[in-house]
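Asker: Pulled these features from Swiss-Prot for this protein:
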- Arg17, Glu18, Leu19, Lys20, Lys117, Arg518, Cys519, Trp564, Glu608: 5-methyltetrahydropteroyltri-L-glutamate binding site (BINDING)
- Ile434, Gly435, Ser436, Glu487, Asp602: L-homocysteine binding site (BINDING)
- Ile434, Gly435, Ser436, Glu487, Asp602: L-methionine binding site (BINDING)
- His644, Cys646, Glu668, Cys729: Zn(2+) binding site (BINDING)
- His697: active site, proton donor (ACT_SITE)
Amino acid sequence: MTILNHTLGFPRVGLKRELKKAQESYWAGNSTQEELLNVGRELRARHWQQQQQAGVDLVPVGDFAWYDHVLTTSLLLGNVPERHQNADGSIDLDTLFRIGRGRAPTGTPAAAAEMTKWFNTNYHYMVPEFQQGQQFKLGWTQLLDEVDEALALGHKIKPVLLGPVTYLWLGKVKGEQFDRLSLLKDILPVYQQVLGELAKRGIEWVQIDEPALVLELPPEWLDAYQPAYQALQGQVKLLLTTYFDSIGHNLDTIRALPVQGLHVDVVAGQDDIAKLNAKLPQEWLLSLGVINGRNVWRADLSHWFERLQPLVNSRPLWLGSSCSLLHSPIDLSEETRLDAEVKSWFAFALQKCAELALLTQALNAPSEAKLAELAAYSAPIRARRASSRVHNPQVEQRLAAITAQDIERQQPYEARAAAQRKRFNLPAWPTTTIGSFPQTTEIRGLRLDFKQGRLDGKNYRTGISEHIKQAIAEQERLGLDVLVHGEAERNDMVEYFGEHLDGFVFTQNGWVQSYGSRCVKPPVIIGDISRPEAITVEWAKYAQSLTDKPVKGMLTGPVTILCWSFPREDVSRETIAKQIALALRDEVEDLEKAGIGIIQIDEPALREGLPLRRADWQAYLQWAVDAFKLNAAVAQNDTQIHTHMCYCEFNDIMDSIAALDADVITIETSRSDMELLESFEDFAYPNEIGPGVYDIHSPNVPSVEWIEALLRKAAQRIPAERLWVNPDCGLKTRGWPETRQALANMVLAAQRLREEQV
């Protein structure tokens, strides 16, 4: 039996982020819809061709999305929120963008769909909205149109469709509550219609994605798979596709389904391939995701050959990427600044396609020459294990020497709080901001000129110092109590620290999609992490010299740096997080020596890092909390440690939030009307809290009365003496005019509440 290979999906944005640029040009009114559609057609044709040329047997179609693939599925099913609907009920590209970006058909603002993380990745999807009695119909033929495009170009294809149970699982009920699973019977006819249309086009296999099968689903959701797939069988062959974790716990349900094949992620999952092979129906095709779609490391193809060879001829077999290559940059050959050794360790999406082809060829026709080719390809990643670029004995010794004492502050919170009150003598309702101030064109230009060599270090530092001086002066004029330096020197909260730590490298074009038109370029952690010199001390010390008020030192926490980077695969995530924590622990110590008495360690990704299955949560939370404490615990009693977190669900991890033992936590609460504080109230959270009093993602300026009312609500849940007053998040993306006005109103609201206490 000949083994075939395939990818589960390919990056959409284009090597030069062509899709992003075309989207934003269209949204700004600078280009026509036809011009945007042409860019999409060109990208799809190029990506299909590139995959085919790299040796992919079956290229995916339907993985392209104008904004997000879950949103595309919503439109396919005719699921458009009423506030975004065209008057005649039609669906077009503008409908899709309105849902993603927040507009009514009239052009007036209307709430965008909620956005949240796609499983445990850094990609975000638009959450489907469901209402009782809702009707579904085939409303958007993008998938069928793209299948026609690919067939016309002569490609061997495999359409990709998000499965019905996972689609419902990912959504939320709006309005009157009901069981959204009850809508399954209503969406299945649309799926049947789509599969019928694909059958008419001569399609043999359809990849139907059901990643919810890696989760610990409630019994009623697991039971829904059987009737769903009974309804979908018979028109085409279905490759039930899972990824991001193992499926062993749901295997009994899976193997009873009327499908013809199963794709399993054997990179992220711990499934035993031999046992899986033995337990599946003999006639099923087994697709093994052996090439990591979520990281940038070259595969050890010799290793995979040894693991897979016993399966050859045991059943129909395909090899694939572990998940969609959406999460990987496109082409390593474009990276001209990486040194040769490091570059030899990497593989981006196109190189991963070539890896699949090489491994498939070797398994189909093994020979000494082919095995030598696999060994030669795998040699750099094997040589890496002994590279001095990877291993730093001092870091490894320091990590091994960590004791329980290293992760605990000297005294409990009550004693520290007394020492801090004495040192800072802050008023009731102390006001502060989260860290960053508006990144003006001038600031971005200054950094770019320095990075590209048009500006020397001395003039760059002079320019940044001037912006810090302005930020301090603005805050003093506004009457804020605890100041920040404004972060003019920072392009990104993770990249900035990665650039100053050993163990990281950066790409030129390693862009991956975050959501819509937003792309990120994660750093790559290649080895043991250490801090060669102080990172933030110079700027914090300068800012503090300009004012008698306390200035916060600003650090990104170890878990967030880990989660927002491409990590090593040869050590555990815990090891990486603790290495970062040790490096930043030294930064905390140096900030203290420089006279900085308040230090903020941001951990917005703490909750994002949770494993997919709740059974694995406790182990993760233990080391994540320990990493934060290792970072912070070196601080003296009268040094106040702040942390900032911006997400909307604390209930299920409150024990861990409290265990961080930060003196002050600032959180995002304005959009929930302070309801998030309920978790802290119920838990009787003992330390100080700064609930965000206005939404920095909106240009709207909150009134004094609005902020005052929110603070009064907060004081009903948390004792006023433990409350801080601050925005929801950093102000990097805002302009100065609305920033000044919003902060002035915030300070005035705090002053009014203080006056009541006198």
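Any Cβ shown, glycine's included, is placed from N, Cα and C.
These figures come from a predicted structure and were not determined experimentally.
Thinking about packing and proximity, how do these listed features fit into the structure?
Answerer: Under the three-state DSSP scheme, Leu19 (5-methyltetrahydropteroyltri-L-glutamate binding site) falls in the helix class.
Under the DSSP three-state reduction, Ser436 (L-homocysteine binding site) is assigned to strand.
Here the Cβ of Ser436 (L-homocysteine binding site) has 22 other Cβ atoms within 10 Å, regardless of which shown protein chain they belong to.
In the three-state DSSP assignment, the secondary structure recorded for His644 (Zn(2+) binding site) is strand.
Residues within less than 8 Å, Cβ to Cβ, of His697 (active site, proton donor) and separated from it by at least 6 positions along the same chain comprise Asp728, Cys729, Thr733.
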Asker: What same-chain residues, at least 6 away in sequence, bring their CB to under 8 Å of the CB of Ile434 (L-homocysteine binding site)?
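Answerer: Looking at Cβ-Cβ distances below 8 Å from Ile434 (L-homocysteine binding site), excluding near sequence neighbours, one finds Val484, Gln600, His644, Thr666, Ile696, Asn726, Pro727, Asp728, Cys729, Gly730, Leu731.
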Asker: Rank the binding-site residues Glu487, Glu608 by how many other Cβ atoms lie within 10 Å of each Cβ and give me the one with the fewest.
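Answerer: Ranked by other Cβ atoms within 10 Å, the binding-site residues Glu487, Glu608 bottom out at Glu608.
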Asker: Just to be sure I understand the packing, how many Cβ atoms besides its own are within 10 Å of the Cβ of Glu668 (Zn(2+) binding site)?
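Answerer: The answer is 22 other Cβ atoms.
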Asker: Whole-number Å distance between the CA of Cys519 (5-methyltetrahydropteroyltri-L-glutamate binding site) and the CA of Ser436 (L-homocysteine binding site)?
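Answerer: It is 20 Å, counting Cα to Cα.
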Asker: Please identify, among the binding-site residues Ser436, Glu487, Asp602, Cys646, the one with the smallest Cα-Cα distance to Lys117 (5-methyltetrahydropteroyltri-L-glutamate binding site).
Answerer: Cys646
Asker: Grab the 5-methyltetrahydropteroyltri-L-glutamate binding residues from the record (Arg17, Glu18, Leu19, Lys20, Lys117, Arg518, Cys519, Trp564, Glu608) and give me their largest CA-CA distance in Å.
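Answerer: Output for 5-methyltetrahydropteroyltri-L-glutamate binders Arg17, Glu18, Leu19, Lys20, Lys117, Arg518, Cys519, Trp564, Glu608: max Cα distance 29 Å.
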Asker: Just the number: how many Å between the Cα atoms of Asp602 (L-homocysteine binding site) and Cys646 (Zn(2+) binding site)?
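Answerer: Spelling it out, the Cα of Asp602 (L-homocysteine binding site) and the Cα of Cys646 (Zn(2+) binding site) are 9 Å apart.
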Asker: Please report the distance from the Cα of Gly435 (L-homocysteine binding site) to the Cα of Leu19 (5-methyltetrahydropteroyltri-L-glutamate binding site), rounded to the nearest angstrom.
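Answerer: On Cα coordinates alone, these residues lie 32 Å apart.
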Asker: Are there any residues in the same chain, six or more apart in sequence, whose C-beta is under 8 angstroms from the C-beta of Cys646 (Zn(2+) binding site), and if so which?
Answerer: Pro604, Ile667, Glu668, Asp728, Cys729
